[in-house]
């Protein structure tokens with residue numbers, strides 16, 4: 001029987017409830033720090049407060065405090081928001097911190113125990129530039145062995161074996177680095193053997209998701225067990241997105257809550273708004289793709305947590321879904337995107 005492998009053990013898919021499929025509760029994002037504009041250097045070097053928050057929202061990756069999403073303050077704020085997520089109807093969170101992002105399995109387990117939210121942890125590799133010496137030269141075979149052990153055997157955390165429940169996020173730049181190609185191929189190989197879900201992080205160019213899927217499918221991975229993340233900042237043209245959808249993977253809009261006039265990680269594009277995300281999802285629903293759509297926030301900086309003036313993990317449930325209902329999306333369609341699709345993606349027979 002297919003089950004979902006959480007950090008506290010396996011559960012039946014129907015117990016997941018509403019699920020956020022791409023989040024982080026602790027990670028190190030300092031690699032993406034950008035020097036602040038000279039005019040705002042003092043504000044962005046200062047501690048985040050009401051008097052500096054406006055600058056942090058404009059230049060989130062220019063505040064070192066903001067990208068340190070792993071210190072005690074961040075963990076306390078994340079726990080508070082997971083509890084709010086639970087209060088507002090949240091059931092499960094898929095934690096996408098992989099090798100290179102300094103995943104904190106101990107904290108994820110503690111959150112699962114203390115909040116009652118189901119957590120599914122990922123294995124896999126982030127971009128090559130963020131790997132330490134022990135991982136930077138791994139072969140496909142070594143990666144495959146590592147991923148399978150993380151899923152089948154698990155890692156010891158405070159005396160208990162904690163197993164990962166999917167492979168992800170598997171991240172790449174563009175052109176895709178050879179190390180990242182190995183990670184994508186290893187994900188495809190292990191997916192074929194184990195049947196688990198996989199989540200991909202493409203670079204911020206339209207060609208990237210297509211190339212990732214080619215490598216993954218050639219390695220043996222199933223399209224219907226693969227999520228392509230961050231498509232709301234990668235493929236902006238709906239016709240092109242529909243063309244990509246023909247490959248059969250899940251289409252994930254996972255930057256809900258990110259609304260900015262200046263996108264620091266790709267200054268050549270304008271980040272779409274939540275309203276535009278809703279409109280695009282409605283267009284995809286009308287094209288018959290409701291069974292391939294997923295939604296999340298990809299929270300990875302402090303300023304998106306409520307303790308720092310952000311929206312928290314409950315934003316989709318409390319602010320986005322009501323707007324979708326107002327625009328004619330049905331409860332059945334919302335349940336498909338937030339409950340059924342995540343369960344179908346995550347369920348496998350380990």
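Glycine too: its Cβ is placed from the backbone N, Cα and C atoms.
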169, 201 bind divalent metal cation 2 per Swiss-Prot; candidate in 177, 230 listed for that same site: 230
Binding-site annotation, Swiss-Prot, divalent metal cation 1: partner of 22, 24, 169 in 291, 298, 326: 298
Reduced DSSP assignment, residue 24 (divalent metal cation 1 binding site): coil
Integer Å distance between the CA atoms belonging to residue 230 (divalent metal cation 2 binding site) and residue 22 (divalent metal cation 1 binding site): 9
Residues that sit under 8 angstroms from residue 298 (divalent metal cation 1 binding site) by C-beta distance, when 6+ apart in the chain: 22, 23, 24, 96, 229, 230, 254, 255, 258
8 Å Cβ shell about 169, 201, 230 centroid, divalent metal cation 2 site members excluded: 22, 96, 168, 170, 171, 199, 200, 202, 229, 254, 298
Distance, residue 201 (divalent metal cation 2 binding site) to residue 169 (divalent metal cation 1 binding site) (CA atoms, angstrom): 6
